[in-house]
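> Okay, here's the structure, questions in a sec.
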Amino acid sequence: MITQRVDENIYEVPADMKLIKVEDKILNFNMKVPARIYANEYLMERISKDKSIDQITNVACLPGIRKHVIAMSDAHQGYGFCIGGVAATDIEGGAISPGGVGYDINCGVRLLKTGLEYSEVSAQLPELTEGLFHNIPSGLGSKGKLHITPTDLNQVLDEGINWAIEKGFGYDKDREFCEDHGFTQGADSSLVSKRAKDRGIRQLGSLGSGNHFIEIQRVEEIFDDRAAKIMGIQKNQVTMMIHTGSRAMGHQVCTDSLQEIDHLMHRNGIIAPDRELGYAISGTKEADRYLAQMRAAANFAWTNRHIIMHWARETFQSVLGLEPSQMELIYGLAHNILKQEEHDLGNGMRGMVNVHRKGATRAFPPGHPDVPDKYKEIGQPVLIPGSMGTSSYLCVGQEKAMDLSFASTAHGGGREMSRSKAKRQFWGKTIKQELGKQGIVVRAASLKILAEEAPLAYKNIDEVVGVSHNLGIIKKVAKLIPIGVTKG
DNA sequence: ATGTGC
């Protein structure tokens, strides 16, 4: 396939026929729209090395696909559909693909401010980091400290953070600063399998493993004074970021749905460009079934981050005497989710589409109805965490995102190296020492995870964010650097 | 990402 550079930060594979070997036959698939990669040369070189571009051209062949399929600047290959991928399909007759959402349904990020300066916190950093690690269960297979009933779990799945706020976690005010108010409508807990519930019930309020983290940060640089002022952020202020998802609950929902959809396609004699890219047709009961389960898992993830946030606030209170209500939520968002939104579809058309964002962050521009009133004039806050030792960015959505990316942007550094390769290349203990030299306190469940998550295993976050900023999809507001990190 | 298993 030909990849053309059509702009400084835009590469494109024009719509074309795709010959794909499926089992023993060569089949002809038709890309209905172009596939685009938003990248500069540095990132394009890396994105081209794995199956990402092949995966987005597969997605471009799906039924009802609209306008263009996008690989964001942090893209790397994933199950059937690259991470850092965005695709929109017709609400009637378009494809709905669990692979386009991912296993960690509603994985996402929250950012809180403390109102404290770095100098007021630095001496207690080891104690704070240790406190977070102890108060928030972390690591593979970690279980929450909560003991909830199956009825509670169903409420979590159906109502999201409303359940948690009612139980005394966090504040009413937190709702306003969460995407979807921390409650994804249209969930149906009765459709979620017993297995998913059995795995999930003990994990509410746990961090998990992989790239999930809680990070204490210092505001290193402000790029946009007006937006920073509205968000209440200033240089040297201490912030805290939480990154986790729906744990085994979302994983099991994805596994269950992929299996159901695989069987459905087989029964109907439909072949996808990739076995991993199974889909149901939007508007059918099979698609609705996936959506209702996906939304239930999304509500689990909203609530998981909410409870973790509550315990993190308590940790700051016990170590620094900081009043929990002083740690205000700046914003909480999802970056693995499918949403039905209205978009410009090109050629003067406009309509509702299924926007798959897999490792991609929603980035609504100023004035959009779904941007909280407080941020209406600056755009939706966008949180893009880097890897363990590198910066994270606080940004805001911009108008160009509506035309270029179905109001989406990158979600993080994006791996450059597989976990196994990182483990061969790095040694956890050395990574910890190197971070220590940079003034970063690290507390992790294992040294293995530090090797897998080594900063050099990820793409350069400054480049990743720079591409979206230069395209006008988002605007940089502040750069945050880690000072205390806990990892599962 | 994930009790890293059909």
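Yeah, the Cβs are placed from backbone N, Cα and C, and that goes for glycine too.
Among the features that TrEMBL reports, Mn(2+) 1 binding site is placed at A:Asp104, A:His212. The annotation GMP binding site is assigned in TrEMBL to A:211-215, A:335-336, A:385-388, A:Ser392, A:411-414, A:Lys487. What TrEMBL records for A:His243, A:His335 is Mn(2+) 2 binding site. The annotation active site, GMP-histidine intermediate is assigned in TrEMBL to A:His411.
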> Can you tell me how many other Cβ atoms are located within 10 Å of the Cβ belonging to A:His212 (Mn(2+) 1 binding site)?
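So the number of other Cβ atoms within 10 Å of A:His212 (Mn(2+) 1 binding site) is 24.
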> Go through the binding-site residues A:Asn211, A:His212, A:Ser387, A:His411 and tell me which ones have a CA within 10 A of the CA of A:His243 (Mn(2+) 2 binding site).
A:Asn211, A:His212
> Can you tell which of the binding-site residues A:Asp104, A:His212, A:His335 lies nearest to A:His411 (GMP binding site) in space, using Cα positions?
A:His335
> What's the most sparsely packed of the binding-site residues A:Asn336, A:Ser387, counting other C-beta atoms within 10 A?
A:Ser387
> Give me the CA-CA distance between A:Asn211 (GMP binding site) and A:Asp104 (Mn(2+) 1 binding site), in Å, as a whole number.
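On Cα coordinates alone, these residues lie 11 Å apart.
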> Which of the binding-site residues A:His335, A:Asn336, A:Ser387, A:Gly414 has its Cα closest in space to the Cα of A:Asp104 (Mn(2+) 1 binding site)?
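The answer is A:Asn336.
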> Over all shown protein chains, what is the count of other CB atoms within 10 A of the CB belonging to A:His335 (Mn(2+) 2 binding site)?
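Result for A:His335 (Mn(2+) 2 binding site): 30 neighbouring Cβ atoms inside 10 Å.
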> Which of these binding-site residues has the least crowded Cβ, counting other Cβ atoms within 10 Å: A:His243, A:His411?
A:His243
> Sorted by position, what residues of the same chain at least six away from A:Ile214 (GMP binding site) have a C-beta under 8 A from it?
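The answer is A:Leu132, A:Ile136, A:Leu207, A:Met240, A:Met241, A:Ile242, A:His243, A:Ile308, A:Ala312, A:Val485, A:Thr486.
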